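What follows is a short report on a single structure.
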Amino acid sequence: MSAVSQPQAAHAPLEKPASTAILCNTCGNVCKGEVLRVQNKYFHIRCFVCKACGCDLAEGGFFVRQGEHICTRDYQRLYGTRCFSCDRFIEGEVVSALGKTYHPDCFVCAVCRLPFPPGDRVTFNGKECMCQKCSPPTLLGNSAHVAQGLRSCGGCGLEIKNGQALVALDKHWHLGCFKCKTCGKLLNAEYISKDGLPYCEADYHSKFGIRCDGCEKYITGRVLEAGEKHYHPSCALCVRCGQMFSEGEEMYLQGSSIWHPACRQAARTEDKSKETRTSSESIVSVPASSTSGSPSRVIYAKLGDEILDYRDLAALPKNKAIYNIDRPDMISYSPYISHSAVGDRQSYGEGDQDDRSYKQCRTSSPSSAGSVSLGHYTPTSRSPQHYSRPGSESGRSTPSLSVHSDSRPPSSTYQQAPRHFHVPDTGVKDNIYRKPPIYKQHAARRLDVEDSSFDQDSRKKTTWLLLKGDADTRTNSPDLDSQSLSLSSGTDQEPLQRMAGDSLYSRFPYSKPDTLPGPRKDGLDLRNANLAPCGADPDASWGTREYKIYPYDSLIVTNRIRVKLPKDVDRTRLERHLSPEEFQEVFGMSIEEFDRLALWKRNDLKKKALLF
């Protein structure tokens, strides 16, 4: 890059023979009459203008830069060098010292304010430049040795005779010898020293630099140390409050997380305040006034010596079979219910209303017109959950199966039955996430009193519903109509009767509504209905539910930024929405290997992958 200041362009008449055409260097047309000549090039007077502003250059000075002609004002504005002392553009002779440029008259001694004589030694004490007369005298004891040492270059070792010298690291250097020890780059600005040797910033960081454990960048300037970790002051943030740490403030370090002392104490206090109120093998449910959106509506579960808190239970689906305890201490009997023919609807307690309003297994056929005389629950080898019921004697009661008609709500009398009896402990602690119970539902004699077209003879019908936690079939379609659940056209078609009432108290407290087909002699008619078991585990295996695949970036959850996840994802099973290839990349193992890990290990891996 070169810029040459040119005098005014010369007006020259066209002296070449007419046979040889002279072209304008700007427009390329033939030059006729009076032209301008700059070096060996010719221009029309109207074509010789500034490249930047377009002003006429025929009457003033200009600069040539990379073949372009620029006026003085634009050249200084675009490419000019300013004096470090007076901040004006430098034209002509320039003095460079310590990476800065000066006018010769502006580069003066800091003490006597006189310009430095040509060839005089310049002493730089780290702040100011002083001439040889104003520099501090050397010690008298070894003046000859010191004087000789000051005249030797710290880089090449040669004597500094005439010209300027650079003082750095207690040595004198030729201006061209003060270079980086590693890459040999000329150090005319900032540098970093190590063991008396100068380095540029990049090479110093590559050899001796300290990386920030927060942003993984090199630390220049202030550094915050926490144990063996180092941080920029702006990168050390408390994981609880997100605030920075002040200088000298105490901090707690836990893994890769750092805490303020007050924030850590507050977190411990919150952990201690969570006390379990359960028996040896029971689950505490929230009051009936709680919202139904809380995960499984469970706060704590105690199974033997193991206590499962909300974080462990949050990793399970909302209807996970956590209630299927294979080794119960108690087995509860359902109370007896008697219905009257005509009366107002029975008002239940607050706990019953909450259970009834939740998702329950019931029939959805719209053709029911009769009433049911009795419905009861048959206990199996597994005990149902104990619920808090206001007004009961012991604070516990048993779930019951109450059946009502939609058209005629009967009134019922609630009679308490013996509550509990003990079962010997088998000593075997089974897996609580498997072996859901088998329910048996008996429908007694049904009478149709409103439709004269139906048969008046009473028939005894029994419907068996087997619920299996590992069932592979699920109902994915909308509510089935009565035609899809009816019998074939060759037989007597019996109208589907809906179990009257909106509440069905089964031993599984939270379950999904399903449609049951019409009964026949040998049991359920499964030709036209694809039954989904109530309370079945939707995440028992990868094959029972199809998870929509999303990229890993859209599933990440952090505590600093509120991330909006897709609507159809399972928030407790975010890793199920990864493709097998991306799952292998994120967790370093296959899906089958991940499922064989313990629950706490899976949760720990999900936390590290920001999927928890």
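Cβ coordinates come from backbone N, Cα and C, glycine included.
The Zn(2+) 1 binding site feature in Swiss-Prot is assigned to Cys83, Cys86, His103, Cys106; the stated evidence is similarity to another entry. DSSP gives Cys83 (Zn(2+) 1 binding site) a coil state; it is part of no helix or strand.
Summarising the annotation, Swiss-Prot assigns Zn(2+) 2 binding site to Cys109, Cys112, Cys131, Cys134. The 10 Å shell around the Cβ of Cys109 (Zn(2+) 2 binding site) contains 20 further Cβ atoms across the protein chains shown.
Per Swiss-Prot, the feature compositional bias 'Basic and acidic residues' maps to 269-278.
Per Swiss-Prot, the feature compositional bias 'Low complexity' maps to 279-295 (among others).
Here Swiss-Prot flags 364-373 (among others) as compositional bias 'Low complexity'.
Annotation comment: Swiss-Prot describes 477-489 (among others) as compositional bias 'Low complexity'.
If you look up Swiss-Prot, you'll see 210-270 marked as domain 'LIM zinc-binding 4'.
What Swiss-Prot lists as domain 'HP' is 544-612. Across the domain 'HP' (544-612), DSSP assigns 31 helix, 0 strand, 38 coil.
Annotated phosphoserine per Swiss-Prot: Ser282 (among others), in sequence order, evidence recorded as similarity to another entry.
The phosphoserine feature in Swiss-Prot is assigned to Ser294 (among others); the stated evidence is a large-scale study or a structure entry.
Marked as phosphoserine by Swiss-Prot on the basis of similarity to another entry: Ser365 (among others).
Marked as phosphoserine by Swiss-Prot: Ser368 (among others).
Positions annotated as phosphoserine by Swiss-Prot: Ser453 (among others).
Per Swiss-Prot, the feature phosphothreonine maps to Thr473.
According to Swiss-Prot, the feature phosphoserine maps to Ser477 (among others), an assignment based on similarity to another entry.
According to Swiss-Prot, the feature phosphoserine maps to Ser579 (among others), an assignment based on similarity to another entry. Cβ neighbours of Ser579 (phosphoserine) (same chain, under 8 Å, six or more residues apart in sequence): Ile549.
The binding-site residues shown are Cys83, Cys86, His103, Cys106; of these, the one with its CA atom nearest the CA of Cys112 (Zn(2+) 2 binding site) is Cys106. Counting neighbouring Cβ atoms within 10 Å of each of the binding-site residues (Cys83, Cys106, Cys112, Cys131, Cys134), the lowest count belongs to Cys112. Candidate binding-site residues: Cys83, Cys86, His103, Cys106. Nearest to Cys131 (Zn(2+) 2 binding site) by Cα distance: Cys106. A 10 Å radius around the C-alpha of Cys109 (Zn(2+) 2 binding site) takes in none of the binding-site residues listed as Cys83, Cys86, His103.
The Zn(2+) 2 site is set by Cys109, Cys112, Cys131, Cys134; from the centre of their CB atoms, other residues of the chain with a CB within 8 Å are Val108, Ala110, Val111, Arg113, Leu114, Phe116, Met130, Gln132, Lys133, Ser135. In this view, Cys86 (Zn(2+) 1 binding site) is surrounded by 12 other Cβ atoms within 10 Å of its Cβ, with every protein chain counted.
The CA atom of Cys134 (Zn(2+) 2 binding site) is located 17 Å away from the CA atom of Cys106 (Zn(2+) 1 binding site).
Taking the Cβ of His103 (Zn(2+) 1 binding site) as centre and 10 Å as the limit, one finds 19 other Cβ atoms among all the protein chains shown.
Neighbours of the Zn(2+) 1 site: apart from Cys83, Cys86, His103, Cys106, residues of the same chain with C-beta atoms within 8 angstroms of the site's C-beta centroid are Phe84, Ser85, Asp87, Arg88, Ile90, Tyr102, Asp105, Phe107.
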